[in-house]
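The next block holds one structure in the form of structure tokens; read it before the comments.
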């Protein structure tokens, strides 16, 4: 999946550039402005994948958990549960399709933002093709690097024990980042002239090739840092999640309070990482620097997506094992894979959010460059009201997605209860439940409930830009970027921590976990409630905000 996405994204973009060249000829400014449509297409598709998929998967998940685990005390993925098929399909829809389209959107947009700025810099003015396509060259080196990295997990070091799974997946990230740094160095030295100029708000800024190398590298390493901080806050191997699990002793309320605090706290280091990479890349190469920093973060996308898709795949395998009534040992193995996959999925979400922030800023820069606004002054009332309204949009958007999940889950719970109460022999396992109705509820809900949040994202730039002008729109973009990133990080990590706190208690791997467990104890019930609240946070509201901040920026452009 990882390689398909990286390679397809690159191939189609390259073909598109060459086809458009037939029409535009030497007008490179117009050519690369037209190419930004590629990013818009990728992101609007991601809106459906992320928001629709998130609502689909969580309606099924929350519905299945509330009736199955809490009321009826049957295990997860039990075939007697009518919502179990919808839940397993949902893993695919939300985590695989959603994540893939989201990262592809970021990838397409950061390439487009870099190309737009480059087309009005010395590369574009002098028609130098190789340095002009520098963003695409970075991505292609990334594919080769990820191919080599994959061999480390499959061929050089084989995995023999359960406890080696997670370290080996994390090693993938580190190896790909180190190799990629070397790869970028070589490419910057070969493909770029030793000095050139980059468009910077109306004037040209002289830049050296090693400065551009540092821009890409700083984005790449910031991505790694964000990934590992996310992992520290959401993996049950470390103290933050263990504290949340411990707070379940006194019930669900303390669990919720601790989880929220953890999510807010987990914003600190990622925001500093993003801030430093913005500062470094902007001071070296203006807005072009930020665009290539975003590309740097996404250059190891093949590895990042592979370890991200790992979670849902092993989750589904576990579901199939449970439904087919296979032996206990198989379920234990898939659970071990799934626990590692959960953490790596959190790393993937961290990457997606961090890259979305940089991409959105790069698109914002491309928008300001093309709209010929030289400065965005916060003290003018036009811009300031834009900032305020923009900062409110992520909250409005989250309210819509959370409520959609809630109401869809409500329908699902009623349907599952109705089946348990009216189908004779369902609990005993002699009769089969009606899975299709539950799938239909999820499908209908996700398609219907996607329209209002989608309309909010698509219409805001149009309405603001037409009625209030570009200055106000630049305020709205800045505001939504600044507040959206915070909510996205905290929501994703809170949900991930609650999920893993519950898994920590269930697994009973340490002395501390055994004092809280086993399944069905009071602390475990509190943990399940936290996990259910966290589901829409970590899989619907949090990740969808990436789409909000990127899509508004690319549409403005």
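For all residues, glycine too, the Cβ spot is worked out from N, Cα and C.
The shown structure was predicted, so the numbers you read here are calculated from the model rather than taken from an experiment.
Listed in TrEMBL:
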REGION    513-533  region 'Disordered'
TRANSMEM  6-24  transmembrane segment
TRANSMEM  107-126  transmembrane segment
TRANSMEM  132-153  transmembrane segment
TRANSMEM  173-191  transmembrane segment
TRANSMEM  211-234  transmembrane segment
TRANSMEM  255-280  transmembrane segment
TRANSMEM  286-307  transmembrane segment
TRANSMEM  351-373  transmembrane segment
TRANSMEM  379-397  transmembrane segment
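Counted over residue pairs separated by six or more positions, the transmembrane segment (351-373) shares at least 3 Cβ pairs under 8 angstroms with the transmembrane segment (286-307), which defines the two as touching. When each of 211-234, 286-307, 379-397 is scored by its Cβ pairs under 8 Å to the transmembrane segment (173-191), the top-ranked stretch turns out to be 211-234. Here the transmembrane segment (211-234) has long-range neighbours at 134, 138, 170, 173-174, 177, 180-181, 184-185, 188-189, 192, 240-241, 262-263, 265-266, 269-270, 273-274, 276-277, 280-281, 284-285, 288-290, 292-300, 304, 342-344, 346-347, 349-351, 353-355, 358, 489, 492-493, 496-497, 499-500, meaning same-chain residues at least 6 beyond its ends whose C-beta is under 8 angstroms from one of its own. Residue counts for the region 'Disordered' (513-533) under DSSP, helix first, then strand, then coil, are 16 helix, 0 strand, 5 coil. Spatially, the transmembrane segment (255-280) is adjacent to the transmembrane segment (286-307); three or more Cβ-Cβ distances between them are under 8 Å for residues at least 6 apart in sequence. With pairs at least 6 apart in sequence, the transmembrane segment (286-307) and the transmembrane segment (107-126) have 3 or more Cβ pairs within the 8 Å limit; the two touch. Among 6-24, 132-153, 379-397, 132-153 has the largest number of CB pairs under 8 A with the transmembrane segment (286-307).
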